[in-house]
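These came from TrEMBL, pasted as-is:
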{"type": "TRANSMEM", "residues": "40-58", "note": "transmembrane segment"}
{"type": "TRANSMEM", "residues": "70-92", "note": "transmembrane segment"}
{"type": "TRANSMEM", "residues": "104-125", "note": "transmembrane segment"}
{"type": "TRANSMEM", "residues": "132-150", "note": "transmembrane segment"}
{"type": "TRANSMEM", "residues": "180-197", "note": "transmembrane segment"}
{"type": "TRANSMEM", "residues": "209-227", "note": "transmembrane segment"}
{"type": "TRANSMEM", "residues": "233-251", "note": "transmembrane segment"}
Amino acid sequence: MSPARAVLRRVRDPSPALAAATVLLQICYPLVRGDARDLLTVVTVVVFFLTSVSHALVHRGARWTGRYVLITAGLGLLAEAVGTATGVPFGAYEYADSLGPQLLGVPVVIPLAWAMFAYPCLLVGQRLARTALGAAALGGLALASWDLFLDPQMVAAGHWRFSDVTTSLPGAPGIPLSNYLGWLLVAVLMLGLLQTLGRRRDGQVDDRVPAALFLWTWVSSVLANAAFFGRPLVALTGGVVMGLVAVPYALSLRRP
């Protein structure tokens, strides 16, 4: 890629500004309550989703991006619709009406949440593993580990509720262990399907935006649960499990 084309690509790439907006919205989350927090939750997901999609569109092309959205949002919606209808694979749960319009019993914003974070997790897995199987496993672990933070936060906010919870993780009551296992299953399957899109190997892709959002999600989730939400055990569990991927990924960014 010529220097002029690289500069033009950076000028046309809205993902850095959208990423900054995502971070700002997340910082505001502990500062608001009630309906304002519900609205902020939806807006944050949409902006993060647009960040991932715009970065993919600029750096990987329209065809790649369309397939990525179809796989992630499509499988996310399918898994959630089956989950709410049957209790498989996450456990028996239902959504409240606080996250906006629903499709098949699932808030529309939920498939966008799967898609928004699957993108950086895809790049994490591909950087850490040379094989498609390894990338799917590590990327899937990265995506599933996010739920160790997400579900306690969203259940506490009343956005969804599990029933018949018999066994849960320390510090996260009301969420069955089956939920996390279901997340891991769906995440690995999703990241496995994303491997079919191929990798960019030309060395010209600037993936600093999704890298920063992934690492920010890890650090900020630990901080928020430890300092703002009063869930130190969630901070510890999520920090350690997500750190299994985040730490080696952060170290890998120090080399070309």
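Every residue gets a Cβ built from N, Cα and C, even glycine.
Note that TrEMBL annotation is computational and uncurated.
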Determine which residues of the chain contact the transmembrane segment (132-150) at the Cβ level, with the cut-off under 8 Å and only residues 6 or more beyond its ends counted.
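Those are 117-118, 120-122, 124-126, 169, 172, 179-180, 183-184, 187-192, 194-195, 214, 217, 221, 224-225, 234, 237-238, 241-242, 244-246, 249, in sequence order.
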Is it the case that the transmembrane segment (40-58) and the transmembrane segment (104-125) have 3 or more CB pairs under 8 Å, with pairs at least 6 apart in sequence?
yes
So if I exclude everything within five residues of the ends of the transmembrane segment (233-251), which remaining residues of that chain have a CB under 8 angstroms from its CBs? That is, six or more out.
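Residues packing against the transmembrane segment (233-251) from afar: 124, 127-128, 138, 141-142, 145-146, 148-149, 152, 169-172, 211, 214-215, 218, 221-226.
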Counting Cβ pairs under 8 Å that sit 6 or more residues apart, are there three or more between the transmembrane segment (180-197) and the transmembrane segment (104-125)?
yes
Go through the chain and flag residues at least 6 beyond the ends of the transmembrane segment (104-125) whose CB is under 8 A from any CB in it; none is fine as an answer.
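Result: 41-42, 45-46, 48-49, 51-53, 55-56, 68-69, 72-77, 80-81, 84-85, 94-95, 134-140, 142-143, 146, 159, 187, 190-191, 194, 207, 210-211, 213-214, 217, 245, 249.
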